Amino acid sequence: MTHMHTKDVLKLSDLDMSDKKVLMRVDFNVPISHEGESHVSDDTRIRASLPAIEELLEAGAAVMLVSHLGRPKDGERDPELSLAPVAKRLAELLGRDVPLIEDWIHGIDVEPGQVVMCENVRFEKGETEDDEDLARHMAALCNVYVNDAFGTAHRAQASTSGVAKYAPVAVAGPLMLAELNALSKALDEPARPLLAIVGGAKVSGKLDLLDQMIDKVDQLIVGGGIANTFMKAAGLPIGNSLHEADLVDSAAAMLKKAEQAGSEIPLPSDVVVAKEFSADAEATTKKVADIADDDLILDVGPETAARLAQMAGGAGTIIWNGPLGVFEFDRFAAGTRTLADAIVASNAFSIAGGGDTVAAIARFGLSDRVSYISTGGGAFLEFLQGDTLPAIAMLEESARAWAAMERAREY
Ligand SMILES: Nc1ncnc2c1ncn2[C@@H]1O[C@H](COP(=O)(O)OP(=O)(O)O)[C@@H](O)[C@H]1O
Ligand SMILES: O=C(OP(=O)(O)O)[C@H](O)COP(=O)(O)O
């Protein structure tokens, strides 16, 4: 289905990293709990980056880590989105100090064999717009830029794209390469039927991808805010639930397209609703027709969950990004849990990814039973479309420039 020739990018072992200042983009956009002292509630993405960090430190590099966390307003410092809990967790995992640098864009003091964490890159104005000036500042911090952030490879932003243009050289990290290889292999000739499950809260980014996906997969299950948008498109009541009003028309067009292609997108017949978005809100299970104007749909109901679980049981390959409901609240976790149980009990090759999806699977204790856990969610959905991800395109460009320079040296 998709092919990635990893020879087209440079990797860590292609360069001498000793005494080099290395700026490495990682995806530490992890779930944070603010109950008690703020802490990382799922560290999968941090652990996945340890091999790259350790390899660089062993090679004698000075390591500066850059990541975003959440979606602060461009250039605004939201204390709830500080990477402080992440730096703390990373320090525990590495067994060494990891200072968090608040003001880093104009220069960082870091010695070979040392690692520092830069504060949330989305606190810097222009990051999400791939601002050239910001990208140049980031590039000026380093001798080598490494991109190991597969989870953010679908974003063309200053720290994932622009910086690679201006840094002396840009290379792919080991997690980035491992993810691309594993997903290419798994999705090359998938066992059929191929089932995709797309749920969660990032409706606008993901719903757009479904149109092409309908042509590639045999079955599609939607959940979370995406399912709500489809329900509205089908004329069903959704009360006050999360959805994307601007995309209702395109959801309606997709329902029609799927029906014509003979691959129905099943919509919930029952749901679990609440009157407020909170862990101890009263949970009521009802038929879709009974949803009231002030209801929030926070999970699928048991009848729907059983139907979706049955679909998972019959699949040859399952691709899953995005929980079916608000699994962080126990009362609204049953739908996601039922589906996760069915996925791991099936004979399908299962691929699951995304910050929250992976956290849900870990919460249910099922991580070891999914065939492949990816650190990417939206990134692997975009990878599925078959186009080169923007961050990878930049690494390829840098590798071409590097090769040209090597040839010129031989002249
Ligand atoms: N019906 C719903 N209403 C509001 N939020 C939802 C609903 N269903 C799921 N969610 C939320 O979606 C979030 C995950 O969405 P998303 O970021 O798209 O997934 P991922 O991080 O796995 O890619 C979870 O925090 C979950 O609570
Ligand atoms: O968590 C991420 O994506 P995911 O929710 O699809 O797993 C990435 O860090 C990208 O974050 P963004 O969607 O705010 O750019």
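One is the number of the first residue shown, and numbering goes on along the chain from there.
Just so you know, glycine gets a Cβ as well, placed from its N, Cα and C.
Over in TrEMBL, the protein carries these features:
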| type | residues | note |
| --- | --- | --- |
| BINDING | Asp27, Phe28, Asn29, Arg45, His68, Leu69, Gly70, Arg71, Arg122, Arg155 | substrate binding site |
| BINDING | Arg45, Arg122, Arg155 | (2R)-3-phosphoglycerate binding site |
| BINDING | Lys206, Glu328, Gly354, Gly355, Asp356, Thr357 | ATP binding site |
Candidates near ligand 1 among the binding-site residues Asp27, Arg45, Gly70, Arg122, Arg155, judged by a Cβ under 6 angstroms: none
Among Arg45, Arg122, Arg155, the record's (2R)-3-phosphoglycerate binders - longest CA distance, Å: 18
Just to verify a number: CA distance, Thr357 (ATP binding site) to Arg45 ((2R)-3-phosphoglycerate binding site), in angstrom, no decimals. 12
Going by C-beta under 8 A and a gap of 6 or more residues, the same-chain neighbours of Gly70 (substrate binding site) are Asn29, Asp78, Glu80, Leu81, Asn120, Arg122
If you pair up every Cα among Asp27, Phe28, Asn29, Arg45, His68, Leu69, Gly70, Arg71, Arg122, Arg155, the residues annotated as binding substrate, what's the maximum separation in angstrom, rounded to an integer? 18
Filter the binding-site residues Arg45, Gly355, Thr357 down to those with CB closer than 6 A to an atom of ligand 2; keep them in sequence order. Gly355
Within 8 Å of the Cβ centroid of the (2R)-3-phosphoglycerate site residues Arg45, Arg122, Arg155, which other residues of the same chain have their Cβ? Asp27, Phe28, Asn29, Ser67, His68, Leu69, Val121, Ala149, Gly151, Thr152, Thr160
